Amino acid sequence: MSVPLILTLLAGAATFIGAILGVIGQKPSNRVLAFSLGFAAGIMLLISLMEMLPAALRTDGMSPVMGYGMFVVGLLGYFALDKMLPHAHPQDLMQKNAKPTRGNIKRTAILLTLGISLHNFPEGVATYVTASNNLELGFGIALAVALHNIPEGLAVAGPVYAATGSKRTAILWAGISGLAEILGGVLTWLILGSMISPVVMAAIMAAVAGIMVALSVDELMPLAKEIDPNNNPSYGVLCGMSVMGLSLVLLQTAGFG
């Protein structure tokens, strides 16, 4: 099994960590969840804009028009997909004082599982493609995806557990959303494998960079603010950028870049 595929599997499996937290009652504070989302957004923004897009543009045969064009395609593709997906709000379900009715909880959990699963599929593709092209960036993307998969697993498992009273069912439902991400990576591995030209890989990377920027700005940062409105999510974003930037410098200095 390839390292990029293993990274994708681990990132998707992080959903189960959140699911377990959602049923054992040891829920992290909203402040911690919000910071982790901001941290993940910071990692994605730095890798996308400072590493993935420049690397794609430096590829022989990749014109600036095609590179930036694919970046915009990624941005627009994310927002088009976002418009088509059913929307439920995990931040409403993670509030400690929220007490919705049993029926509403179950319906929201179904929509939430479906929506998160559809969102997670391209994240699995992005993790695999990035790691295939540059392993150190793949580690960064996998870490960012894993960090924001934890609150997603928590958001699904909590309401399902409240609606069904079954810990096993709650973890299973949350796991479905994580499996969608793993499925994205596995299908990419089966379809692309190593039979792909550098230019095509660069075009995919540019599009993935656009998706990651849109995901960070449109979903992760606003969600962090809604979960914890009393604190600025920018702190988590800046920390994520700083830690990821420092780690990339250290890896390059050590000869892994």
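Cβ atoms here come from the backbone N, Cα and C positions, even for glycine.
As annotated by Swiss-Prot, Fe(2+) binding site applies to Asn120, Glu123, Asn149, Glu152, Glu181. The annotation Zn(2+) binding site is assigned in Swiss-Prot to Glu123, His148, Glu152. Residues annotated as transmembrane segment in Swiss-Prot: 5-25, 32-52, 61-81, 109-129, 137-157, 171-191, 195-215, 236-256.
Feature annotations (Swiss-Prot) mapped to structure.
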{"residue": "Asn120", "record": "Fe(2+) binding site", "contacts (Cβ under 8 Å, 6+ apart)": "Gly12, Thr15, Asn149, Glu152, Ser177, Gly178, Ala180, Glu181, Gly184"}
{"residue": "Glu123", "record": "Fe(2+) binding site", "contacts (Cβ under 8 Å, 6+ apart)": "Ala11, Val145, Glu181, Gly184, Leu215"}
{"residue": "His148", "record": "Zn(2+) binding site", "contacts (Cβ under 8 Å, 6+ apart)": "Ser36, Leu37, Ala40, Ala41, Leu220"}
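Sequence-remote contacts of a segment are chain residues at least 6 beyond its ends whose Cβ falls under 8 Å from one of its Cβ atoms, and for the transmembrane segment (137-157) they are 3-4, 7-8, 10-12, 14-23, 27-28, 33, 36-37, 39-41, 43-44, 47, 51-52, 90-91, 93-94, 109, 112-113, 116, 120, 123, 126-127, 130-131, 170-171, 173-175, 177-178, 181, 212, 220, 227, 240, 244, 247-248. Highlighted: of the candidate stretches 32-52, 171-191, 195-215, 195-215 has the greatest count of Cβ pairs under 8 Å to the transmembrane segment (61-81).
Sequence-distant neighbours of the transmembrane segment (5-25) (same chain, 6+ residues past either end, Cβ-Cβ under 8 Å): 120, 123-124, 127-128, 131, 138-139, 141-143, 145-147, 149-158, 161, 167, 170-171, 174-175, 177-182, 184-186, 189. Ranking the binding-site residues Glu152, Glu181 by how many Cβ atoms sit within 10 Å of each one's Cβ puts Glu181 at the top. The Cβ neighbour count for Asn149 (Fe(2+) binding site), using a 10 Å radius and every protein chain shown, is 27.
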